[in-house]
Amino acid sequence: MKIEAISTTIVDVPTRRPLQMSFTTVHKQSYVIVQVKAGGLVGIGEGGSVGGPTWGSESAETIKVIIDNYLAPLLVGKDASNLSQARVLMDRAVTGNLSAKAAIDIALHDLKARALNLSIADLIGGTMRTSIPIAWTLASGDTARDIDSALEMIETRRHNRFKVKLGARTPAQDLEHIRSIVKAVGDRASVRVDVNQGWDEQTASIWIPRLEEAGVELVEQPVPRANFGALRRLTEQNGVAILADESLSSLSSAFELARDHAVDAFSLKLCNMGGIANTLKVAAVAEAAGISSYGGTMLDSTVGTAAALHVYATLPSLPYGCELIGPWVLGDRLTQQDLEIKDFEVHLPLGSGLGVDLDHDKVRHYTRAA
């Protein structure tokens with residue numbers, strides 16, 4: 001089964017509400033939808049970045065250029081079922097650009113799994129679970145609004161784990177915000193925070209213990225991504241778990257963080273690792289080092305979220321669950337099928353491949369004008 005064509009489309013999908021982070025406020029998400037055609041079948045994938053190149057080194061525009069001009073010409077005519085060969089060829093031809101590679105890798109996995117009438121989870125080893133506890137992100141910037149949102153989520157049994165974005169205000173203001181939320185949800189929910197690199201080491205060393213005292217269970221990426229030493233010291237000094245996100249940008253970074261046990265948990269993201277196989281490798285590094293895996297998100301659409309669900313469903317352990325909330329943050333979906341959240345968990349989609357199919361009318365509607 002030879003690859004006949006690889007096409008890319010940039011779509012811009014508005015969010016239901018602004019998402020305030022330490023570095024930007026997200027009003028829309030841009031994705032590159034990839035379709036790989038072979039043997040009468042089409043596999044779909046997705047690449048993107050939260051807030052564009054502000055968060056990382058890629059954007060929808062660079063992803064499309066890299067695929068159209070370098071990766072697609074390289075892979076057309078190759079065996080669509082040889083996932084290892086495709087991955088090696090992409091890595092040899094293009095340095096970095098992991099989200100672009102991930103989009104193709106996901107599409108090839110979807111294509112092969114559909115051809116074999118398997119789910120991607122079954123293709124890569126089989127499921128350890130068919131649903132995953134899912135955290136909701138509270139990022140309106142308004143304490144009362146965030147509390148109302150959390151209480152509604154608990155009442156409707158959608159979420160009982162909440163991640164609060166910090167770093168846009170002073171640490172003292174953030175702490176009061178957290179205390180109010182923790183008090184409001186009580187023992188009905190857990191609270192974690194994401195600083196998105198917003199603090200230096202000194203600030204983090206002062207405020208993380210106070211967050212722990214307030215009842216926070218996990219602190220995500222408190223310091224800049226390159227400061228592995230600060231992460232290690234903060235992990236050693238504090239009882240609350242430290243989670244690496246932006247620092248986890250490659251298999252080699254996973255090795256360095258694991259070697260020094262610089263963090264307690266890894267936030268896995270397919271786009272950060274270059275695809276499914278590399279994400280599984282990072283999870284294996286974490287397991288070997290006694291570091292927990294966490295199901296991270298790039299605010300993926302239903303396509304990327306389904307792919308992540310298939311990967312996370314195969315992992316031995318996910319003690320902190322996942323945060324695959326992209327489809328519910330967006331104002332619309334790009335697939336014919338919805339994903340399901342029930343009893344505080346997101347459920348693995350049924351069917352072959354990803355278990356979701358593109359809604360081509362929606363894709364056309366959100367396609368960026370040339």
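Every residue gets a Cβ built from N, Cα and C, even glycine.
Within Asp194, Asp200, Asp260, Asp264, the residue that Swiss-Prot lists together with Glu220, Asp245 for binding Mn(2+) is Asp194. Each of Lys163, Val193, Val195, Asn196, Val219, Gln221, Leu243, Glu246, Ser267, Gly296 belongs to the same chain as Asp194, Glu220, Asp245, is absent from that list, and has a C-beta within 8 angstroms of the C-beta centroid marking the Mn(2+) site. Asp245 (Mn(2+) binding site) sits 12 Å from Glu323 (active site, proton donor), taking the CA atoms of both as reference points. Between the CA atoms of Glu220 (Mn(2+) binding site) and Lys165 (active site, proton acceptor) there is a gap of 9 Å. Around the Cβ of Glu220 (Mn(2+) binding site), a 10 Å sphere holds 26 further Cβ atoms from the protein chains shown.
Among the listed recorded positions, namely Asp194, Asp245, Glu323, the Cβ with the most fellow Cβ atoms inside 10 Å is that of Glu323.
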